[in-house]
Amino acid sequence: MNNVLFVALGGSIGAVLRYLISLLMLQVFGSGFPFGTLVVNILGSFLMGVIFALGQVSELSPEFKAFIGVGMLGALTTFSTFSNETLLLMQQGYLVKAVFNVVVNVGVCIFVVYLGQQLVFSRF
């Protein structure tokens with residue numbers, strides 16, 4: 001039951017971060033492309049790589065993993081919003097933007113998970 005509380009606490013932090021980052025990206029870049037979702041997915045993927053690698057080289061408590069991995073990063077990143085925004089781009093006739101959104105979200109996020117892992121592994 002304790003882990004549920006850690007997930008809830010981490011999730012509340014991740015959700016607020018996602019909201020604030022999305023607002024900032026909307027102010028900076030406008031609404032022509034879903035940069036907010038892209039940024040939170042890249043940031044969350046990088047941090048997931050770091051947490052995964054830290055778990056490989058050191059002992060992370062189940063509470064810490066629940067707080068960060070499931071709670072905070074689970075709420076920070078969003079596949080459903082990414083999918084909806086991509087579909088909206090397609091429905092509005094922006095096929096190139098939609099394909100770009102998929103390629104960048106998936107490709108960059110996989111790459112930054114790797115970078116996060118390598119950052120930790122190079123230090124241990």
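Cβ coordinates come from backbone N, Cα and C, glycine included.
The transmembrane segment annotation in Swiss-Prot covers 4-24, 35-55, 62-82, 95-115, and the record cites sequence analysis as its basis. If you look up Swiss-Prot, you'll see G74, T77 marked as Na(+) binding site.
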Best-contacting stretch, by C-beta pairs under 8 Å, relative to the transmembrane segment (95-115) and drawn from 4-24, 35-55, 62-82: 35-55
For the transmembrane segment (62-82), distant same-chain residues with Cβ under 8 A (at least six beyond the ends): 2-4, 6-15, 17-18, 34, 37-38, 40-41, 43-45, 47-48, 51, 55, 101, 105
Beyond the flanks of the transmembrane segment (4-24) by 6 or more, those residues with Cβ under 8 Å of it: 36-37, 39-40, 43-44, 63-64, 66-68, 70-78
Residues satisfying Cβ distance under 8 Å from T77 (Na(+) binding site), sequence separation of at least 6: G14, R18, V40, N41, G44, S45
Protein Cβ atoms within 10 Å of G74 (Na(+) binding site), excluding its own: 18
